[in-house]
Amino acid sequence: MDISHETQEQKKAQALIEALPWIQRFSGKRMVIKYGGNAMINDDLRRAFAEDIVFLHHAGIHPIVVHGGGPQINSMLDRLGIESEFKGGLRVTTSEAMDVVRMVLTGQVGRELVGLINSHGRYAVGFSGEDAGLLRAKRTGTVVDGEEVDLGLVGEVTSVDPSAIVDLVDSGRIPVISSVAPEIGPDGNLTGDVLNVNADTAAAELAAALGAEKLVILTDVEGLYAEWPNKDSLISMLSASELRDMMPSLESGMIPKMAACLKAIDSGVPQTHIVDGRQPHSILLEIFTAEGIGTLVVPDAHSAVAGGQTSQEHSSQAENGANA
């Protein structure tokens, strides 16, 4: 027997040892995790995501999940013969489509994820941006090729009251939140309409309101690329200023995600992560390993190295900067 050969058991032990300092650092902290993309539609990935969330919970971390439901919404709209349309990376939401959005997000996607998490114990509680005054939003459009575009019943968050979420977290629960919000009119009163809020944006606003340690956004790519689609240009870590400079050149689908990262960083969240949700247990690999697997965005003061640094350096350097 070659004693130099590392056994599978030794590798498992090493993984646990490597995770220890990160568990110690983040124990008792809140993390907002935006769940979306292929991780929502592949059964194995859905189960792996639920396992990651339960692991965080048992490690003493307080995960708060915010989910979209794009693939499921598209599927239901197709089944009902309602056309899907996107402009500037954001869904155009008619009144008819909004009924489907609410039904799918709160009644299907949220319930399925709560069930997966609760198969490991009675932890998760389904929640909506409509519940307990969590979110308020105003109707908004977007700009495409320099022109204002009406997105229908689409809103941007104007206020967050996280008190109900804090109560759930403090009682040992894992909130699972769907990204819809009541509309506030120009007079400051509720209009009676409910708006479709981009889940990335909602997660960023909630992370800021909760004073979260991290915002983690799952995507269907490995992270942010300097020269998409060149896979060799994956950026492991960059500062808020570097990301801000890149925003005009990003693909439309990445704009809401990276804007959410900037929003969170600018609001005081120490770190934001873009993680490949197609990889099983990607959340654990990003948070609990020194090398990480995605793109880490940090405040300017914590990034002395531009986006070309290696992934092995990204988490540890950012943590060292945060501890300085």
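Here, residue 1 is simply the first one shown, and the rest follow in order.
Heads up, the Cβ atoms here are built off N, Cα and C, so glycines get one too.
TrEMBL: automatically predicted annotations, no manual curation.
Listed features, source TrEMBL:
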- Gly69, Gly70, Arg91, Asn196: substrate binding site (BINDING)
- 308-324: compositional bias 'Polar residues' (COMPBIAS)
- 29-276: domain 'Aspartate/glutamate/uridylate kinase' (DOMAIN)
- 304-324: region 'Disordered' (REGION)
- Lys34: site 'Transition state stabilizer' (SITE)
- Lys257: site 'Transition state stabilizer' (SITE)
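Everything TrEMBL records as a feature, shown here on the structure.
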{"residue": "Lys34", "record": "site 'Transition state stabilizer'", "Cβ contacts under 8 Å, 6 or more apart": "Val65, Val66, His67, Gly68, Ala199, Asp200, Ala203, Leu215, Val216, Ile217, Leu218, Ala260"}
{"residue": "Gly69", "record": "substrate binding site", "Cβ contacts under 8 Å, 6 or more apart": "Gly36, Met40, Val101, Val104, Leu105, Gln108, Val109, Ser178, Ala199"}
{"residue": "Gly70", "record": "substrate binding site", "Cβ contacts under 8 Å, 6 or more apart": "Gly36, Gly37, Arg91"}
{"residue": "Asn196", "record": "substrate binding site", "Cβ contacts under 8 Å, 6 or more apart": "Arg91, Thr93, Ala97, Met98, Val101, Leu153, Val154, Gly155, Ser179, Val180"}
{"residue": "Lys257", "record": "site 'Transition state stabilizer'", "Cβ contacts under 8 Å, 6 or more apart": "Asp200, Ile217, Thr219, Ile274"}
Sorted by sequence, non-Gly69, Gly70, Arg91, Asn196 residues with Cβ within 8 Å of centre, substrate: Gly68, Ile73, Thr93, Val101, Leu105, Ser179, Asn198, Ala199
Neighbour tally for Arg91 (substrate binding site), based on other Cβ positions within 10 Å of its Cβ: 22
Across the domain 'Aspartate/glutamate/uridylate kinase' (29-276), average pLDDT on the 0 to 100 scale: 94
Where Gly69 (substrate binding site) sits in the secondary structure, as DSSP reduces it to three classes: coil
